[in-house]
Each structure stands twice: as C-alpha cells, then as structure tokens.
Amino acid sequence: MKRLQRRSCQRWYTTTMPPEQRTNGLFKRTETLLQGSCYFRPRILIDVSKIDMTTTILGFKISMPIMVAPTAMQKMAHPEGEYATARAASAAGTIMTLSSWATSSVEEVASTGPGIRFFQLYVYKNRNVVEQLVRRAERAGFKAIALTVDTPRLGRRESDIKNRFTLPPNLTLKNFEGLDLGKMDEANDSGLASYVAGQIDRTLSWKDVQWLQTITKMPILVKGVITGEDARIAVQAGAAGIIVSNHGARQLDYVPATISALEEVVKATQGRIPVFLDGGVRRGTDVFKALALGASGIFIGRPVVFSLAAEGEAGVRKVLQMLRDEFELTMALSGCRSLKEITRNHITTEWDTPRPSARL
C-alpha cells in the first residue's frame, strides 16, 4: 500500500483502467466528450474582479458546483478510504456521496465530522435490507438518496473477469457487514458480478422510486438517466433530481458520453427538477461546459479515487482545489461572474445548427 501511495495519479489511472478507458473512451466505451466537440464563446470587457461560485443544491448551500460522486471500496485505494474523502469534501465546502458498497459504513463516515452527504443506493432483492440501510443513512444525517437505476445486471467488465476481482480479505462492504452481505465470494470470473447477480433486484421499476418516497423523507435523485424519455418519467415519478450518468462507461457499450446526453435530459425536464452530470469531468473547463448545457452541478468520481490513491486526504483536497481554481479561471475568461451568468450562448457544440453570420 505504501508503494501504491507513492504512485502518481496518472500511473494509477493507466495501470488500473482497461485499454479502452485509458484513452477516455475513444472507442466503444465513451465517458468524456471527444476533443473538438465543444468550444467556448467567451464574452469580453466584463468586470470579473469578483467571481461567485457558490450554489444551492436541494436547499443546501455549497462552495462550488463540484461534488464528489459515489465510488465503491475506497480502502482499496488508500487505508483511510471514505474517511479521507469525507473530510476532504467537508473542508472544500461541498457534497460527498457515499456508495452503498463503501468500505466504511454510513455511521463511520458521519463520525468524521460535519458535512453535507448524500447516500447512493442499490436496491437489493431483500427489501428489508434496503429499508434498514435507508433509515440508517437518514439517522446518520445524510441529506439525500442517489438511487442507481442503470444496474439491473453488471456490465461486462473484462478486467474484473480477467483478474477474478473480489474484495481483499481484510475489507468488507461495511454497510452490509451485520447482514451477512458484506463479503464477496471468489468466482471463476468476477466476484463483483456474482455478488450483483445474487443480491441486486432486477425487477426494479419506476414504482420503486415512488416506494422509496414512502420510507424516507430524504429527496430521491435518480442516477443513471441518459434519455429525455426517462427524464420525463422521473419527473412524473416524483424524483427530486436527475443525475445523468453512464456508470463511468462501464455498463453498456456505445452509449453516449454523459455530457453529450446532458442537454436532451435538461430539455425534457423543462426546469421542473435539477439535472446533474456525473462522469467525464477532468478539468474545470469541463465543469463550465456542463453548466452551460444546463446542469445544476457536476459529480467527479475517478479524479477523487486517483488522488486518494496518490496522497490520501491531501490528494483529494488537492484535486478539488485544482478543479475549483480551473473552473474559476474559466468563468473569468468567459466573462461570467456567477453561475447564473453561464448560459448556452457561452459554448458551441458539434451538434448545434450553424449560427447566422453577424452583420457589420
């Protein structure tokens, strides 16, 4: 583990991601927007001496529209795992989302101190387990549920199959430890895939989004929407928000990058609920693109795990600060003093209709 901590973030990235993802999904699995797909249209001669990046998410004020996405099993990257990530997010004044499959429990993460935290939920076949978990998260002070809806089955993750992935013997899925569901058995292919096949409910439907609202007062964000059709149904089902996500481009090949799907989802909601982007953000310029396309904020996953592996809590603090600084600079150079001033007119994309030539 000490040797792992000394690796740079880039080395962690290139040694743990499958080849098609090392290139940011330029082949079958697309996570980031391809180069040349989006350009800025900056406005000039605007007083940008003061930049305000604060925003309010589901009633909670945060320092910037950059939040931490749920990523599982963080103690595989660093001994402090989710503890370190929670402290770093709190220090940055932003939201952390804890994965159901964390190696630290909701109670343990809450014990790290104050902070605004969401809880990502997988729905198990045993609904009593789901109810217990939701109520534990609520008692621990979590503020919202991010319901993952794109995983009735696990996508074909060939690196996991090749490596016969399973949790190391010293780690468990802490939220399920007392329910005899915290361990993954070894398998001939992927231990995670076998675990999902055995535990996750494939019958999950829109009715369950409504059912969740009957067992908790926490707002429900639907995570995994990439079409306008599903966005409209999410609104009708009472979702408090949508997270546009393709699960890090690891579920279904040939789906679009999340930022390419974002605008369709935003238009479908017609402003009735907030829409967030999860996946593909690597620079502060990406944050600006997402907000210009209508997102209320973004979630980052891999950058957090890479920085956690490299330097623990200090690494996560650093990556959040880097993205904040880059985003602030992008706002200033685009002539935007607050988030509400970032509009669709600040970018042009490959799918736009040609703009009429300006008359002299």
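The chain as shown is numbered from 1 upward.
Every residue gets a Cβ built from N, Cα and C, even glycine.
Sequence annotations record features per position, and here TrEMBL assigns domain 'FMN hydroxy acid dehydrogenase' to 40-352. According to TrEMBL, the feature FMN binding site maps to 70-72, S99, Q120, T148, K223, S245, 278-282, 301-302. Marked as glyoxylate binding site by TrEMBL: Y122, R157, H247, R250. Residues or ranges marked as active site, proton acceptor by TrEMBL: H247.
Features per TrEMBL, on structure.
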residue: A72; record: FMN binding site; Cβ within 10 Å: 19
residue: Q120; record: FMN binding site; Cβ within 10 Å: 23
residue: Y122; record: glyoxylate binding site; Cβ within 10 Å: 20
residue: R157; record: glyoxylate binding site; Cβ within 10 Å: 17
residue: H247; record: glyoxylate binding site; Cβ within 10 Å: 21
residue: R250; record: glyoxylate binding site; Cβ within 10 Å: 21
residue: D278; record: FMN binding site; Cβ within 10 Å: 27
residue: G280; record: FMN binding site; Cβ within 10 Å: 27
residue: R282; record: FMN binding site; Cβ within 10 Å: 15
residue: R302; record: FMN binding site; Cβ within 10 Å: 21
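Confidence annotation: the domain 'FMN hydroxy acid dehydrogenase' (40-352) carries a mean pLDDT of 92 in the model.
The Cβ of P70 (FMN binding site) lies under 8 Å from the Cβ of T97, L98, S99, S100, F118, Q120, A146, T148, G301, each of these being in the same chain and 6 or more residues away along the sequence. In this structure the alpha carbons, written CA, of H247 (glyoxylate binding site) and A72 (FMN binding site) are 12 Å apart. When the alpha carbons of G280 (FMN binding site) and R250 (glyoxylate binding site) are compared, the span between them is 12 angstrom. Taking Y122, R157, R250 as the binding-site residues under consideration, the smallest Cα distance to D278 (FMN binding site) is found for R250.
Its own atom aside, the Cβ of K223 (FMN binding site) has 28 Cβ atoms within 10 angstroms in the protein chains shown.
Recorded residues R250 (glyoxylate binding site) and R302 (FMN binding site) have their alpha carbons 13 Å apart, per Cα-Cα distance.
Between the alpha carbons (Cα) of R302 (FMN binding site) and Y122 (glyoxylate binding site) lies a span of roughly 20 Å.
Of all residue pairs in Y122, R157, H247, R250, the annotated binders of glyoxylate, the farthest apart have Cα atoms separated by 18 Å. When the C-alpha distances from R157 (glyoxylate binding site) to the binding-site residues A72, K223, R282 are tabulated, the minimum falls on A72. Cα to Cα, A72 (FMN binding site) and Y122 (glyoxylate binding site) are separated by 12 Å. Cα spacing between K223 (FMN binding site) and Y122 (glyoxylate binding site): 10 Å, rounded to the nearest whole number.
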